[in-house]
Every structure is written in C-alpha cells, then in structure tokens.
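*Asks:* The structure that follows is given in the form of structure tokens.
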Amino acid sequence: MAKKVAVIGAGVSGLISLKCCVDEGLEPTCFERTEDIGGVWRFKENVEDGRASIYQSVVTNTSKEMSCFSDFPMPEDFPNFLHNSKLLEYFRIFAKKFDLLKYIQFQTTVLSVRKCPDFSSSGQWKVVTQSNSKEQSAVFDAVMVCSGHHILPHIPLKSFPGIERFKGQYFHSRQYKHPDGFEGKRILVIGMGNSGSDIAVELSKNAAQVFISTRHGTWVLSRISEDGYPWDSVFHTRFRSMLRRVLPRTAVKWMIEQQMNRWFNHENYGLEPQNKYFMKEPVLNDDVPSRLLCGAIKVKSTVKELTETSAIFEDGTVEENIDVIIFATGYSFSFPFLEDSLVKVENNMVSLYKYIFPAHLEKSTLACIGLIQPLGSIFPTAELQARWVTRVFKGLCSLPSERTMMMDIIKRNEKRIELFGESQSQTLQTNYVDYLDELALEIGAKPDFCSLLFKDPKLAVRLYFGPCNSYQYRLVGPGQWEGARSAIFTQKQRILKPLKTRALKDSSNFSVSFLLKILGLLAVVVAFFCQLQWS
C-alpha cells in the first residue's frame with residue numbers, strides 16, 4: 001500500500017515535491033492556504049497575512065536554463081530571465097503536464113502537525129487543517145514542509161532611534177507593489193539586497209531623490225556575463241566551483257573581486273563590501289551603476305538616527321526632507337503549525353541535517369524543502385531535496401545516526417560562518433554546485449566523470465566545463481531521463497532563441513576579423529625580428 005504524504009504549500013517546493021512523490025509511487029496530498037499555485041511568484045495587488053508578497057516588476061535572478069526542473073526544460077522562446085508572470089506560466093505548464101493539480105486542496109490552512117501516539121514505531125503524523133471554517137484531521141505516513149521563508153517581514157525598528165517621531169511614511173519592502181504614488185518624493189531605502197536595489201532603481205525613475213543605506217556594502221553583478229550569456233551559466237560550472245573550493249581563500253577572494261569589478265569599480269561607487277573575505281551573495285541588478293552615475297540614487301552608510309523629517313548617518317552626513325522610508329531588511333521565518341521541539345527556529349536559524357531533516361526524530365518522516373538560500377537557483381535545489389526525501393520516505397535511502405547528523409549540522413554551520421559570515425540574511429546560505437552534487441550522490445544521480453571520459457568524453461567535458469544545470473542529474477540513477485543528454489547539448493540553442501528575433505544575413509565578418517588578427521600577429525612578429533636585425 002502506498003505511503004500517504006502531506007505536502008504543505010503549493011509554491012515551487014510544493015509542486016516539485018508533489019511530482020517527486022508521484023514518481024516514487026507515494027500518495028501525496030497538498031494543502032495550499034490560497035486559491036492558486038505559485039507561492040511567492042504569484043503577484044497580487046494586495047498584501048495578505050501568511051503569504052509571501054512580491055512587487056509587480058520582479059524578474060528572476062537566475063536564468064531559465066539554470067532554473068528549470070531537470071526533466072522539463074522551459075520553452076525555448078521564453079526569455080532567459082523571466083518576469084514573475086512568465087515564471088508562473090511555466091509552473092502552470094509543469095503542473096498540467098504532470099497532472100499535479102488533482103493532489104492539491106486549495107484554500108486549506110494547516111493548523112497543526114503532531115506526532116501520532118505510536119510515532120516511535122509508525123513514524124506517522126496527525127495533520128489538522130481548516131477549510132471554509134471547518135476543521136478536519138487525517139493521518140499521514142510522512143510530511144513535507146514547503147511553506148517558504150519569505151513571509152514574516154523583519155523590521156528591526158530598535159536599531160533606528162527616532163523612528164517613532166518620524167513624520168513621513170515607513171513600511172517594509174514586502175508592502176511595496178509599484179512606483180505609483182511615489183513621484184516627486186525623497187525616499188530612503190534601508191538595505192541593499194536584491195529587493196532593496198530593485199525598488200530603489202524603480203523609484204528613482206520618477207522620485208525627486210532616492211537614497212539607499214547599506215551597512216556593509218555589496219557586490220553588484222549584471223545578469224549579462226561573458227559574450228552576453230546569462231551570468232549563472234558562466235559562473236556555475238564544476239570547474240569554477242572546484243577552483244573556488246581548492247584554492248586558498250585569499251586567491252578566491254582576489255578572483256571574486258576581479259570578477260565583480262570587471263563591470264565597474266565598486267570602491268569608486270561607494271559599494272565595495274566592508275569584509276570582502278566573505279562570499280556574500282551579490283546583488284543582481286543591471287541598472288544600479290547607471291542610476292548612481294545619473295545621481296538618481298545616492299549610496300549612504302548606516303542610519304544612526306532619525307528625526308521628524310531627516311536621516312542622520314554614521315558618517316555624520318544628514319539628508320533632510322525625507323518623505324518615505326522603505327525597510328528592505330529581509331525576513332524571518334517560523335512554522336506555527338509545528339511544535340518548537342520538531343523544528344526550532346533560533347536567531348533565524350534551524351538545525352536540520354543537510355538543511356532538510358530534523359536529526360532527533362525517531363523516524364525520518366518529516367522534511368523541510370526549500371528552506372535554503374543557495375548561491376544559485378532554488379528550483380533545481382528544491383527538486384534534488386525532494387527527490388532524496390521521497391526515497392528516504394520510501395525506504396530506498398537511509399540516514400546516518402543522530403550523532404552523525406548532529407556533527408554534520410555543527411560542522412556545516414561552522415563552515416557557513418567561515419564562508420558567508422553571521423549576518424541574519426546569510427543563515428541559509430550554501431555553495432550551489434557542491435550542495436547539488438552532495439544531494440545527487442545520496443540518490444545515485446551524480447554523473448561519474450571518470451567513466452564518462454571513456455564512454456562519452458564529449459559529454460564529460462561539457463559537464464565539467466559547461467553550465468551545471470539540473471539536466472545533469474537525470475543522466476544516471478533513479479529517475480533517469482532519456483532526454484537529458486540532448487537537453488545539455490541544446491541549451492545554447494534555447495538561450496539564444498529568444499534573442500534572435502531579427503533575421504540577419506550570413507556575414508563573413510567573423511572570418512575577416514579572424515584574418516585581421518592573424519595578420520596583426522604576423523606584423524608584430526616581423527617588426528620584432530626587424531628590430532633584432534637592426535640592433
């Protein structure tokens with residue numbers, strides 16, 4: 001008899017968890033508190049309690065080829081970086097393709113998840129839900145928590161003396177939807193993550209002046225990388241990941257600094273991170289430097305104090321007549337339907353084995369999916385988590401002892417602090433490729449490069465030096481997809497397809513350019529020998 005699995009949430013993590021359950025022959029039921037799928041990526045004009053919220057202009061920071069699910073490439077005519085509405089369209093196509101909607105109970109809130117009395121032997125959970133003011137309960141063999149971590153706004157008002165006397169408007173970035181109504185105003189954005197930068201750029205088009213306050217500075221990275229390809233298809237390769245792992249930290253720091261400053265010198269713009277030793281997640285924004293050059297945005301240090309109409313900064317400068325303050329200060333998270341003893345959140349941190357399993361449970365039948373912030377796309381990350389979890393639920397994969405898991409949690413946390421620092425925004429941070437490979441190894445889906453070098457050297461080279469995308473984890477092992485190899489070799493075609501909207505005649509410019517380079521090199525060689533002859 002198939003095991004019954006409760007999936008909490010029908011966002012990205014919930015949808016892929018449903019599919020993985022079905023793939024493994026499990027019987028899932030998904031509880032979604034709203035009326036539709038998509039989670040944080042479904043824009044709504046109004047902010048709703050208990051639901052993630054985005055602004056209307058949000059575009060993905062990871063490209064389509066690096067973000068799609070492993071056996072379902074995005075349509076080739078989709079843009080490389082997707083507006084939230086386009087990404088939601090992909091999720092709808094995905095859900096329809098794999099017939100996932102029939103497993104979802106919409107407008108159903110999970111009130112509690114509790115161990116059954118015989119949990120130590122059965123591993124079962126009693127899940128209490130509410131729909132249309134009616135409570136129901138059911139017993140499940142396992143639970144997958146996919147409720148996200150961008151719901152509870154973090155506004156540290158105590159860190160801003162004088163906020164109580166500020167006469168202007170202030171709110172968390174979660175409440176921001178579009179620039180209407182902010183025309184001609186002087187606006188202070190506090191926090192320079194992706195949301196803060198996006199909002200500052202958008203408002204700067206029509207505001208009188210926008211200021212953005214950053215405590216530690218940040219690297220700003222363009223979505224466009226070498227030869228115009230998406231940044232993550234260039235940055236996230238196994239070769240580059242290996243270099244970042246084995247080279248001395250000082251060398252890695254230097255490499256990252258050179259790469260980040262290739263676009264513009266961050267020191268000149270007042271953005272250089274205070275501690276460059278940490279691998280802080282960069283801000284992905286193509287407009288920040290141009291808005292700074294235009295003077296539409298001005299970078300400021302930490303806010304020291306607020307008055308009725310002005311902001312005083314730690315460097316002693318003062319900005320008068322501030323109309324609006326937007327706190328882009330991140331989120332905290334909690335699981336109100338779980339007992340604290342199950343998944344305890346302290347200082348925005350949770351102790352989970354590989355960011356997924358509580359280590360202390362007698363039975364490994366509770367898992368958190370997507371509770372992580374990789375330096376890459378969350379979609380393939382959540383998918384590999386769900387693939388592993390469902391195989392653990394089914395008994396095809398096993399977890400180590402509680403002691404071993406706790407040691408791993410401690411060691412992983414120490415490594416995270418060493419790499420990323422102790423900021424609240426970094427508590428879920430992890431390296432991307434290394435983590436994907438780690439999960440793939442657990443389920444037997446990591447490609448064997450030594451074997452491939454002999455069997456399929458062309459593919460081996462592509463896997464090691466090319467973009468590390470999700471298709472690679474469908475080449476071997478459980479869930480193998482026969483289209484994976486083809487998807488890997490045709491990804492460039494799908495990247496370029498939406499860009500080539502203007503027909504061009506065949507041109508010999510490339511060959512002429514190449515010939516000129518050769519002639520130039522020969523000229524240098526001839527000049528060198530002529531100089532030797534006359535000396």
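Just so you know, glycine gets a Cβ as well, placed from its N, Cα and C.
When I checked Swiss-Prot for this same protein, it listed these features:
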type	residues	note
BINDING	G9, A10, G11, V12, S13, E32, V40, W41, N61, T62	FAD binding site
BINDING	T60, N61, S195, G196, S197, D198	NADP(+) binding site
CROSSLNK	K492	SUMO cross-link
MOD_RES	A2	N-acetylalanine
TRANSMEM	510-530	transmembrane segment
*Asks:* Go through A2, V40, our recorded positions, and report the one whose Cβ sees the most other Cβ atoms within 10 Å.
*Replies:* V40
*Asks:* What is the interatomic distance between the Cα atoms of S197 (NADP(+) binding site) and N61 (FAD binding site), given in whole Å?
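*Replies:* The separation of the Cα atoms works out to 13 Å.
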*Asks:* Rounded to the nearest angstrom, how far is the Cα of the residue listed as 'N-acetylalanine' from the Cα of G196 (NADP(+) binding site)?
*Replies:* 46
*Asks:* NADP(+) site residues T60, N61, S195, G196, S197, D198: biggest Cα-Cα distance, Å?
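*Replies:* Looking at T60, N61, S195, G196, S197, D198 as a set, their Cα atoms extend up to 15 Å apart.
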*Asks:* What is the nearest of the recorded positions A2, G9, G11, S13, V40 to T60 (NADP(+) binding site), using the Cα of each?
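*Replies:* Result for T60 (NADP(+) binding site): the nearest of the recorded positions is V40.
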*Asks:* Minimum Cβ neighbour count within 10 Å among the binding-site residues S13, N61, S197: which residue?
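*Replies:* Counting other Cβ atoms within 10 Å of each of the binding-site residues S13, N61, S197 gives the minimum at N61.
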*Asks:* Look at the binding-site residues T60, S195 and tell me which residue has the greatest number of other C-beta atoms within 10 angstroms of its C-beta.
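*Replies:* Within the set of binding-site residues, the most crowded position is S195.
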*Asks:* Going by Cα-Cα distance, pick out whichever of the binding-site residues G9, S13, V40 is nearest to K492 (SUMO cross-link).
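*Replies:* Considering only the listed binding-site residues, the nearest one is S13.
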